[in-house]
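In TrEMBL this protein carries:
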type	residues	note
TRANSMEM	20-46	transmembrane segment
DOMAIN	39-290	domain 'G-protein coupled receptors family 1 profile'
TRANSMEM	58-84	transmembrane segment
TRANSMEM	90-118	transmembrane segment
TRANSMEM	130-155	transmembrane segment
TRANSMEM	200-223	transmembrane segment
TRANSMEM	235-257	transmembrane segment
TRANSMEM	269-292	transmembrane segment
Amino acid sequence: NSSDLNPSSFILASIPGLEAAHFWMAILLCSMYIVAVAGNCAVLFIVKTEPSLHAPMYFFLCMLAAIDLALSTSTVPRILSFYWFNTREISFGACLLQMFLIHTLSAIESTVLLAMAVDRYVAICHPLRHAAILTNAATVKIGLVAMARGVLFFLPLPLLLLPLPFCDSRLLSHAFCLHQDVMNLACTNATPSVVYNLTAILLVMGLDAILICLSYILILKAVLRLASWKERLKVFSTCVAHICVVLAFYLPLIGLSMVHRFGKRLAPLVHITMGNIYILVPSVLNPIIYGVRTKQIQRRILNLI
């Protein structure tokens, strides 16, 4: 097979035998995208205009909403263009940029989820020190550290792919670009890229998941020391929304990683479905979860309606 150091484009994946259903699939994805944009914009607007919500927990929620908006907007319009207008090719540069944004924004979201877990730990285990530890200035610094961490860890991914030669086969496994997917199309040994990708994921998402679990172990210990079950349930209920958001982020991430690692023989429908779930489901669910669980946001939404 011939190879090209810089291929002009890659081919986005379609579902064999279901090309005729792309129009209706696009309508479903577009509806979910509209819900995600409307929900996350509503969260940003409500927190900005409601002085009682100017607290670290809600600032972290705003960061989460902004990340979800950026992540879905960097992928879904291109997927809809593919499904509606059959524009299957994506240029090499655009693919690398999209790949960088997906991985970097996911890393930033993971860091923000860890910060929210720490916020819950301090609020429950050290309530008298909460206001002194998590000030507005500290919240801004955490947001900047999350951004720097995501960019520094995942900027090398597209740079490691630039010098690799690519074979004639340019067909991706998803309707968007992921590092694992693009890397598999290289004609040469991509071990450095594989090792760095795995190391970055373990040091960011893996470490964050471990620290989030540790935070909730400490929270459970503090909650179980309370006198009555009523008090325990009342205190722990403040963590329910965050736990749901963590599961909505990490379960699709783990599922997509498992499909890439062990599902090479699975049907293309599985790969494409898992990819779409990873991109859209957290963005759709996060504002709904916090809208349902947070009374201040509920009241504000009802007032707006």
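Even glycines carry a Cβ here, placed using N, Cα and C.
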Do we see three or more Cβ pairs under 8 Å linking the transmembrane segment (235-257) and the transmembrane segment (130-155), pairs being at least 6 apart in sequence? no
Please give the sequence-distant neighbours of the transmembrane segment (130-155): residues at least 6 beyond its ends with Cβ less than 8 Å from one of its Cβ atoms. 54, 56, 59-60, 63, 100, 103-108, 111-112, 115, 119, 122-123, 200, 203-204
The transmembrane segment (58-84): which same-chain residues, six or more beyond its ends, come within Cβ distance under 8 Å? 12, 14, 22-23, 25-26, 29-30, 33, 36-37, 39-41, 43-44, 47-48, 90, 98, 101-102, 105-106, 108-109, 112-113, 115-116, 119, 136, 139-140, 142-143, 146, 175-176, 245, 276, 279-280, 282-283, 286-287, 290
